[in-house]
Amino acid sequence: MSASSLPLPQGKSVSLKQFVSRHINEIGLLVVIAILYLVFSLNAPGFISLNNQMNVLRDAATIGIAAWAMTLIIISGEIDVSVGPMVAFVSVCLAFLLQFEVPLAVACLLVLLLGALMGTLAGVLRGVFNVPSFVATLGLWSALRGMGLFMTNALPVPIDENEVLDWLGGQFLGVPVSALIMIVLFALFVFISRKTAFGRSVFAVGGNATAAQLCGINVRRVRILIFTLSGLLAAVTGILLAARLGSGNAGAANGLEFDVIAAVVVGGTALSGGRGSLFGTLLGVLVITLIGNGLVLLGINSFFQQVVRGVIIVVAVLANILLTQRSSKAKR
């Protein structure tokens, strides 16, 4: 199980070799991020500018907020491919509620509840009816995408000017509000994963669900809760996306689920479950965001960008696997 931060443990004498071995994945990702900054700074006009760095933070928030819950889902040995359509559907529902003059606070509360309920539905299908999580969330992906496009005729639903939404889509002390929310939620999920019985149960279920059940862990409840959290954070992302775009859009967040899953896996979380790190996911989010931003500034064809991004992601995952295997051998 990877640690969630890099500082040396207090009260323990740890050699540099042991420290590097323990955090080889995070160190590797930091090196990758440094290389990306160097390459794009030299070749992509405007990449290092303050304005572009704020854009990087905004894009990172769109991926990162959903990635915190996805980390727990993958650690538990599950997967959720419904994130993108859920984010878009929430933004559409929020826009319609505001058009019907529902107060913003009530509208936000309703779409947060909607996101949690949709996540719970996926969790119940997995935890109660034992439907594979990929199948359950793939069905949800199709239903939400189709419903959103049907409700809007594939057109954006405009949102009238609103001071609170403008603030959510803007900056606070020069930093995007969405990025600040991402950081707060990151700290919360680090606490949940490391300091609570629920967090430890997630790792146990991912390591061996049968053994976890025999140890008294309610596997069904754990599975339902992690999908509920995923739906809730997807709703948060949907609200922030609507605030940023000034509209609800069923076509927004297209492919977001793949960026989120890629960020988690690149960050070192094992798809087989039982091992993962939120700090690694944070670095994975930065890697995926920097790649996307840099390729746009380089003027690479949008279709070819997907090819380049896919190759880089596969290489990063392979590097993560090799580094982890090398670390495991070193510990022996």
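Glycine too: its Cβ is placed from the backbone N, Cα and C atoms.
Among the features that Swiss-Prot reports, transmembrane segment is placed at 28-48 (among others). Long-range contacts of the transmembrane segment (28-48) within the same chain, counting only residues at least 6 positions beyond its ends with a Cβ under 8 Å from a Cβ of the stretch, are 266-268, 280, 283-284, 286-287, 290-291, 293-294, 297-298, 316, 319-320, 323.
If one looks beyond the transmembrane segment (63-83) by at least 6 residues along the same chain, the residues whose Cβ comes under 8 Å of a Cβ in the stretch are 118, 122, 126, 133-134, 137-138, 140-141, 144, 178, 181-182, 185-186, 189, 192-193, 199, 202-203, 205-206, 209, 222-223, 226-227, 229-230, 232-234, 236-237, 240, 253, 256-257, 259-261, 263-265, 267, 269-278, 281-282, 284-285, 288-289. Residues or ranges marked as transmembrane segment by Swiss-Prot on the basis of sequence analysis: 63-83 (among others).
According to Swiss-Prot, the transmembrane segment annotation covers 84-104 (among others).
Annotated transmembrane segment per Swiss-Prot: 105-125 (among others), in sequence order. When Cβ-Cβ distances below 8 Å are used as the criterion, the transmembrane segment (105-125) is approached by residues 80, 82, 86, 90, 93-94, 97-98, 131, 133, 136-137, 140, 144, 223-236, 238-239 of the same chain, each at least six residues removed from its ends.
For 131-151 (among others), the entry in Swiss-Prot reads transmembrane segment.
For 172-192 (among others), the entry in Swiss-Prot reads transmembrane segment. Outside the transmembrane segment (172-192), and at least 6 residues removed from its termini, the chain residues within Cβ reach (under 8 Å) are 4-5, 54, 57-58, 60-62, 64-65, 68-69, 71-72, 198-199, 233, 236, 240, 243-244, 278-279, 282.
The transmembrane segment annotation in Swiss-Prot covers 222-242 (among others) and rests on sequence analysis.
Distant neighbours of the transmembrane segment (251-271): 2, 25-26, 29, 62-64, 66-67, 70-71, 74-75, 79-85, 87-88, 91, 141, 149, 154, 237-238, 241, 245, 277, 279-285, 287-288, 292, 313, 316-317, 320, 324; these residues of the same chain sit at least 6 beyond its ends, with a Cβ under 8 Å from one of its Cβ atoms. Under the heading transmembrane segment, Swiss-Prot lists 251-271 (among others), citing sequence analysis as support.
Residues annotated as transmembrane segment in Swiss-Prot: 278-298 (among others).
Marked as transmembrane segment by Swiss-Prot on the basis of sequence analysis: 303-323 (among others).
Of the candidate ranges 131-151, 222-242, 278-298, 303-323, 222-242 contributes the most Cβ pairs within a distance under 8 Å of the transmembrane segment (84-104).
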